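A short write-up of the structure that comes next.
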Amino acid sequence: MKSQITNALSDFFFEYETPRQVLVKNRRVGVVCRLIQLGVLAYIIGWVFIYEKGYQSTDTAVGSVFTKMKGVGYTNVSGRETIWDVADYVFPSQGDSSFVVMTNYIITEGQKMGTCPELKGKNNCSSNADCEGGRFKRTGHGQMTGVCVNATKTCEVLAWCPVEDDHDIPDPPLLMSAENYTLFIKNSVTFPLFGVTRSNLVEAIDGKYISRCLFHPTKDPLCPIFKLGDIVKLSGFNFETIAKEGGAIGIVVDWTCNLDVDVKHCKPEYNFHGLYGHLDEKDNASASLGYNFRYAKHYIEDKVPKRTLLKVFGIRFDIIVKSLARKFDIIPTLTAIGSGVGIFGVATVVCDLVLLYLLPKREFYKNMKFKYTDTHTQDPDSEAGSIETEK
């Protein structure tokens, strides 16, 4: 037993095994083998290395976005002139990566807490029995008092009165001047794996350039100042259409960088996408058009709390940072090469199947490829295809 173990260990450490190969002179099989190998080679070079950059490691960025709006709007509603600045038309005002610019509105001034009739169509009634006191209606403006107002044939409610009437949306939009507002985007990203930090205020951008530039896809693609009308146009929307009832636009800051070259070539690209609010959506999303919300300005007049309610229609801008950095790394390179070498084995498998199962001389090829034996005795002088028997 000891000698058997010793022999086994000796064979394991001091012997080398190599596959037995048979050279087959067959043009069809040879052509098939080389075509498959050529296809595998094209896949490795074209797809894995050139297209997928299999020789590089990748990293995504950690980043932040700061925004600032500039521009002044003017409205004249019923002879009342109003100037709107950034503090009035941007929500929220902190310069977030997601914000709303007001383009249209419905204003209800001088509301105070009290009782008043609901709007027609909200809580219609014919008698007090139709207005159950203490109840709320989801689409109503307040709590029903149990009284049916004969003049309007609607229920009386305890609410901020007079209640808002938002049936008629101003057309054209009141703040069409928003088309000329400008948006400044400041974005910085860091690729932790590679220790690289970049800003969209790249080397060629200085204070003098920013003071005079305005983004253009071909003339000024790196300028971080954008005209709202241009953003809406590049996203595929019509400004007047989206300004009336609101909508949403995505601004994508794309950082796709190859860090095998100088880092100064790592620059952002800006893309604009209309998310919702297009006129064509009215057939598919007629139940909820545009984008709007309400906010109120509270004040006290003659010791009576009052408020001014605005229903704001606006364009919501979502700034999305997309990033991917690549750099040469020996580990993914060797992995890609190793997997490619392994795929070369497909040619051998296919050609063996053709030789052993499809060609007319498949039995002959089987005898040439395989060596059969009936015993454990090895005969070093036996030829391929011979069959050993014990006598």
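Cβ coordinates are placed from backbone N, Cα and C, and glycine is handled just like the others.
Note that the structure is predicted; figures quoted are calculated from it, not measured.
Within the chain carrying the transmembrane segment (29-50), a Cβ under 8 angstroms from the stretch's Cβ atoms is held by residues 336-337, 339-340, 343-344, 346-348, 350-351, 354-355, 359, all 6 or more beyond its ends. Among the features that TrEMBL reports, transmembrane segment is placed at 29-50 (among others).
Under the heading ATP binding site, TrEMBL lists LYS68, MET69, LYS70, THR182, ASN292, PHE293, ARG294, LYS311. A C-beta separation below 8 Å, combined with a sequence spacing of at least six in one chain, links THR182 (ATP binding site) to MET69, LYS70, GLY71, LEU214, ILE225, PHE226, LYS227, LEU228.
Sequence annotations record features per position, and here TrEMBL assigns disulfide bond to CYS116-CYS161 (among others). Counting only same-chain residues at least 6 apart in sequence, those with a Cβ under 8 Å from the Cβ of CYS116 (disulfide bond) are GLU156, VAL157, ALA159, CYS161, PRO162, VAL163.
Under the heading disulfide bond, TrEMBL lists CYS125-CYS148 (among others). Long-range neighbours of CYS148 (disulfide bond) (same chain, six or more residues apart, CB within less than 8 Å of its CB): CYS125, SER126, SER127, ASN128, ASP130, CYS131, THR154, CYS155, GLU156.
Within 10 Å of the Cβ of CYS131 (disulfide bond) there are 22 other Cβ atoms, across all protein chains. Marked as disulfide bond by TrEMBL: CYS131-CYS155 (among others).
Sequence-distant contacts of ASN180 (N-linked glycosylation site), defined by Cβ-Cβ distance under 8 angstroms and a gap of at least six in the same chain, are GLY71, LYS227, LEU228, GLY229. Summarising the annotation, TrEMBL assigns N-linked glycosylation site to ASN180.
Here TrEMBL flags CYS213-CYS223 (among others) as disulfide bond. Applying an 8 A CB threshold to same-chain residues 6+ apart, the list for CYS213 (disulfide bond) reads ASP220, CYS223, ILE225.
Counting every protein chain shown, the number of other Cβ atoms lying within 10 Å of the Cβ of CYS266 (disulfide bond) is 19. Per TrEMBL, disulfide bond is recorded for CYS257-CYS266 (among others).
Annotation comment: TrEMBL describes 336-359 (among others) as transmembrane segment.
Summarising the environment of CYS125 (disulfide bond), the number of other Cβ atoms within 10 Å of its Cβ, over all protein chains shown, is 20. Remark: ARG294 (ATP binding site) has LEU309, LEU310, LYS311, VAL312 as non-local neighbours, by Cβ distance under 8 Å and separation of at least 6 in sequence. The Cα atom of CYS266 (disulfide bond) lies nearest to that of LYS68, taking the binding-site residues LYS68, ASN292, PHE293 as the candidates. Of all the recorded positions listed (LYS68, CYS155, CYS161, CYS223, CYS257), CYS155 sits in the most crowded Cβ setting, with the most other Cβ atoms within 10 Å.
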